[in-house]
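A.B. asks: Not my notes, these are from TrEMBL:
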- 51-70: transmembrane segment (TRANSMEM)
- 77-97: transmembrane segment (TRANSMEM)
- 126-143: transmembrane segment (TRANSMEM)
- 150-169: transmembrane segment (TRANSMEM)
Amino acid sequence: MELLSHAAVGAIASTAFYAKKSATRKEYIQIMLSGSIIGVSPDLTKYFGDLYGHSLIMLPLAGVIFGLPLKAWKWGFSFSYLWITSAVILLLSHLLLDYAHNGIALLYPFSQEEYKLDLIHRGDPFIWFTCILVLCFVLLFRLSKLSRLTIIFISTFVLFKLLCLQYTMTRIQDDSNIKQVLISPSYLNWNYSKETSYFTTIGTYNWFGLGQDTIIQRWFVNPNKELQLVLFETNYDGYDYVLTKENGCESNCSMLVYRKAKSRWVKIQNDAIEEVIEALYLQAKE
Ligand SMILES: [Zn+2]
């Protein structure tokens, strides 16, 4: 699906640049095929261990490598136009897409460091499905204008998703004791993991970052720095409580209750646990 996204965006971009009003259907197919090859090419060479195809620095050279054979199609464009546009096609259909999800060594060979945004899920169907649908119409009705509109549409989608990511980040970082936050996109959600001084949480927010997050799992780091699985949390009688069990324990696990007093968590002594648990459950039922 990832290759399909690169090929589909490449075909859309090349149609936007090269398909003239007078172009025949055969020329449309040539143009789409060329764009798809440009779009997938960095991953084909990467298969043999080459990282040059993913480098931003090599983009002008890549433009020459693709511009020369494109000139042979005789579409009536100057070499400089083909050079610049094929580099832009490569940038849009591959480098930017990779940057937006799996990360690339943009400055190779000067640096091996990978840069990434974690914005789009691998092979997001919104991108490849939209592009393939549009390509069918473009080919059927020879509508190159539609390709240009699709580039604007997908760019807007990516920018909007960037805003959603920023907003979701601010919602996750709602705690002053944040140590680390990781966020990654799935098809319809943002998956996150958040680490604070006392809690580690794994959860999801919806695409827009709106509404309540869904907590999948949460751990409490007790005062002895042991990891406990959180079963229940509440505020009772003006105090925060957390009910936990030993992390990884499956059966006959002992429950532990901690209370937050003056910003420190303190373990409730064994003889008071049952009473506190009962009170907490009763309070939760209300
Ligand atoms: Zn790639």
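Note that Cβ sites are derived from N, Cα and C of the backbone, with glycine treated the same way.
All TrEMBL annotations are machine predictions without curation.
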A.B. asks: So if I exclude everything within five residues of the ends of the transmembrane segment (77-97), which remaining residues of that chain have a CB under 8 angstroms from its CBs? That is, six or more out.
C.D. replies: 5-7, 9-10, 12-14, 17-18, 35, 38-43, 53-54, 56, 59-60, 62-64, 66-68, 70-71, 104, 106, 120, 127, 151
A.B. asks: Residues of the same chain, at least six outside the transmembrane segment (126-143), with any C-beta under 8 angstroms of its C-beta?
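C.D. replies: The answer is 1, 4-5, 8-9, 11-12, 15, 19, 23, 25, 28-29, 32, 97, 120, 150, 153-154, 157.
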